[in-house]
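Just dropping this structure here.
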Amino acid sequence: MEQCKRIFQAFGRRKNVDPKNLLVSRFRRNLNIFDLIGIGMGGSLGIGVYIVISYVIKHQAGPSAVLSVIIAGVAAVLSAGPSAVLSVIIAGVAAVLSAGPSAVLSVIIAGVAAVLSGFCYSEFTTRLPQAGSSYVFVYASLGELSAFVIGWSMILENIVLAAVTAKAWGQYFDGLLNGTIHSYTRDHLQWTGDEFLTDCPDILPCCILFITSLLFVCNAKASTLLSFILTTMNGLVIICIICVGIFHVRHENWTDPPGFFPFGLTGIIAGAGTLFCIFTGIDSICSSSEETREPIKTVPRAIITSNILTFVLILCVTLAVTLSYPWYNLQDSIAIPTAYQDKGVNGSFYVFAIGGLLGLTAALISSIHGIPRLLFSMKMDRLLYPCCLLNPDTGGVFKLTVFPLLIACLLSMFVTLNMLIQMLALGSLISYTCVAVCVLHVRYQPIHVGLFQEYEDLNEDKYFQSTELVYPSFFTRNSKNNNGLSKTFIAKNEIEFFNRLSKDPKNQLIMPDKPRDSTYHKMDSVINDTPSGSQSSLFQIPPGVAIEPSNATSMTSSIALIVFIIATTVFSFIVTFASNSLFTGSWWATACFLISVITLIVTTIVIVKQPQNQTSLLFKTPYVPFVPLLVIFINMLMMSSLSYKAWLRFSVWLFLGLIVYFIYGIRHSTEIEIDDQEVVLYEITDQERTPIK
């Protein structure tokens, strides 16, 4: 019984976060905002334009794929920042007015989800600017088991992304050679294929994967710079695709049978779920926080910029392709160059195929970029065997991530492209959903996680520009009631200033009854005048009610959040699998639908009424809890639309990961040492208090 108790306690162990060391990087900080945009947009545009869009249009949503793109894009933009929301709304309205409602839906759904998720990512990136991204966020907020599941899921997501990108790259390259390589391989090494396995080994993807990995051995900075250059060139080709499509618009491509909704509502949602993998560049950007100059400012800006540009370009490409070419005639490989060639546009095949190679190369760099950083973070926490080492000076792979690279090579060599595409998105959706849950969790608990900022006087900006000030001690010790998280207290208005007008940077700030014995590192930041959830004008906390969360209010919000997730699950399954019964008036479907909707409304109100942690953050997700709850709702709706085969394959991968965790991770975690130290100190203290007889 005691052993089971210890195991369950291990599941909830949280990563020990020391705010004093969060900006101490283990790597050289040599990446700027252009490098991060190259990483984010490179992966998104290459995969989205040249692979996923054509698949969603032909197999899932038809012309209504535009709506799927919009939904995915809006979600990504909202996760990034307020201006992104405005851009997405403008783009979405324009698309609806000019193209029709259905064509815009799939794009809108995926876009909305990605934008909203970006806000949540931006907040946690400023809280915890470390390599590992969503894995680190979840580890510090929800616990060890949840973090391992997220980290393991994102490893699979990046491996499959690398395999899909390499597979498509090989098809585009072979297409420029008129299929010579594939024909030769099939003539000499052919076997019976099916929808899962290819009819012959695909050699080209393995070659490009190996070459791209060698680039990371040399220097991560060089690879990100190359990614930005390739992304810029690819952007010019994408603009050409849009412009050519505009001159070949035929509205009959939307109105002729089978019409605008050939796959119905289910197809639109399924298309949005598949399209969501386009916005995985957010995670790659966040994973580079430790290699970025001024990550507190640079990373959120890179997320916002890449999300907006990606969403707008993907939306425009979807509109151009569906309006200029019959969607049901699209090819499964090299779709866009072939479509424009069939339209009689001279030279378009080679121009757009070369653009595809540029975009897919940038996408491959982006997908491989995140794998070693995630493995490195999990290795440092001792949840995985040390299978990856990074060169701190160059940021490159010092010892190749042999196992993930080998899996990606095997998948790209033997599995069909359509089957690989079906495996995408699930890991990203789960990861982004958990980050939204983390935002809600830390906002409604009494303790604080990570970095934060607070100004005493807005007129003293220049006074605080120095990076190091002698300051009273305010870093508290780790205590038993704060779950191992260091808590930082910033001086309030009652601080007495002496010699405030002196130009000496060593001015001392005196707090009554506190020794001047510690150093305080102050960072530049921008105070955002965004609403802070419960304190917004929409829902005011009644007078007399505490505005700081307690253990009781934190528990109330947690229970309401769990009920909200359950109600969202029921709602999603009703919409996805019982929509026909719902439309025909089936009593059980109607009852489940109404109960889930009422539960969603009630739990949202309960969460809104709980007090939030009022600590000033360097970046805040606006309109909490509405934005994170909307992220959870949309993402779970898209997850329910994915095929059962995708869930089955993910379950197999997760089962293998749990075996690794229970055999190695749970017994070697770095948090065990911290727990053991606390136990030893507790026992020593008890012995000291025992009276000597």
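Every residue, even glycine, has its Cβ placed from backbone N, Cα and C.
Okay, so TrEMBL annotates it like this:
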type     : residues : note
DOMAIN   : 619-669  : domain 'Cationic amino acid transporter C-terminal'
TRANSMEM : 33-57    : transmembrane segment
TRANSMEM : 69-97    : transmembrane segment
TRANSMEM : 103-124  : transmembrane segment
TRANSMEM : 225-248  : transmembrane segment
TRANSMEM : 260-282  : transmembrane segment
TRANSMEM : 303-328  : transmembrane segment
TRANSMEM : 348-376  : transmembrane segment
TRANSMEM : 397-417  : transmembrane segment
TRANSMEM : 423-442  : transmembrane segment
TRANSMEM : 559-579  : transmembrane segment
TRANSMEM : 585-608  : transmembrane segment
TRANSMEM : 646-664  : transmembrane segment
If you count every Cβ pair below 8 Å, which range out of 33-57, 423-442, 646-664 shares the most with the transmembrane segment (260-282)?
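Answer, by Cβ pair count: 33-57.
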Sort out for me which stretch, of 303-328, 348-376, 423-442, 559-579, has the most Cβ pairs below 8 angstroms to the transmembrane segment (225-248).
348-376
Can you see whether the transmembrane segment (348-376) and the transmembrane segment (559-579) are touching - at least 3 CB pairs under 8 angstroms, only pairs 6 or more apart in sequence?
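Contact absent: fewer than 3 Cβ pairs fall under 8 Å.
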Looking only at the domain 'Cationic amino acid transporter C-terminal' (619-669), report the model's average pLDDT.
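Mean model confidence (pLDDT) across the domain 'Cationic amino acid transporter C-terminal' (619-669) is 89.
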Are there residues at least six beyond either end of the transmembrane segment (646-664) with Cβ under 8 Å to its Cβ atoms? List them, or say none.
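Sequence-remote neighbours of the transmembrane segment (646-664) are 145, 148-149, 152-153, 156, 383-385, 422-423, 425-427.
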Could you give me the DSSP helix, strand and coil counts for the domain 'Cationic amino acid transporter C-terminal' (619-669)?
41 helix, 0 strand, 10 coil
